[in-house]
Every structure is written in C-alpha cells, then in structure tokens.
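As recorded in TrEMBL:
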type	residues	note
ACT_SITE	C24	active site, nucleophile
ACT_SITE	C27	active site, nucleophile
DISULFID	C24-C27	disulfide bond
DOMAIN	1-99	domain 'Thioredoxin'
SITE	D18	site 'Deprotonates C-terminal active site Cys'
SITE	Q25	site 'Contributes to redox potential value'
SITE	P26	site 'Contributes to redox potential value'
Amino acid sequence: MSQKFQEIIDSERPVLIDFFATWCQPCKVQSSVLTTVKENVGESARIIKVDVDQYPAIASQYGVRGVPTLAIFKKGELLWKESGVHDVNTLTQLLKQYE
C-alpha cells in the first residue's frame, strides 16, 4: 500500500486524504461531508480514505494521532493537515486554493 499511496499523493492535482477508523463516529460525519466536497470539486481534486487500523504505518508516517485527520497533498508534498471534523465550505475552498 505504501508505494500505491506514494503514487496517489504524487498527483499533479490536489489529493485530500481522509485518515479514519471504522469505529469512529465523527469519521462517519466527515465521510458524508466529503461526499458533498467531491461533488463541489469534481475532477479537479481526488479524495482518498485511509483506514488507520488497516494501514497504521502510513498514519504514523504522517503523524496522524487522532481520527478523523485530513491531509492535502500535491506532487508528493504535504500542503495542509488537521484533525477533527471540517465543513464542506472550508474543505472545498482549501482544495480550490491548491488546484
């Protein structure tokens, strides 16, 4: 997965990574928010979910200490990372900012 993950974040367009856990209630709220964000940004950005219980090494590599944690990458560079639930407008604006 780590090589595949690297290929994903090396993208020319922004990639929002949702570090989540299946047992996390706020993660479920964030997931529904991200569905709307994806509708807003269309193909200009990708949104990928990473289960921290299945891929703890990736979560650890990027300093994920709580879920949900969202991160935006472009061309392999971490541009933004923050824990907690975020709203549609904030995330849509962030992704458009990094287009």
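Glycine is treated like the rest: Cβ placed from N, Cα and C.
From a predicted model like this one, the values you see are computed outputs, not experimental measurements.
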DSSP-derived helix, strand and coil totals, residue by residue, for the domain 'Thioredoxin' (1-99): 44 helix, 25 strand, 30 coil
Fewest Cβ neighbours within 10 Å, where candidates are the active-site residues C24, C27: C24
D18 (site 'Deprotonates C-terminal active site Cys') and Q25 (site 'Contributes to redox potential value'), distance between Cα atoms, whole Å: 14
Other C-beta atoms that fall within 10 angstroms of the C-beta of D18 (site 'Deprotonates C-terminal active site Cys'): 21
Same chain, 6+ residues apart, C-beta under 8 Å of the C-beta of P26 (site 'Contributes to redox potential value'), given in sequence order: V67, P68, G84, V85
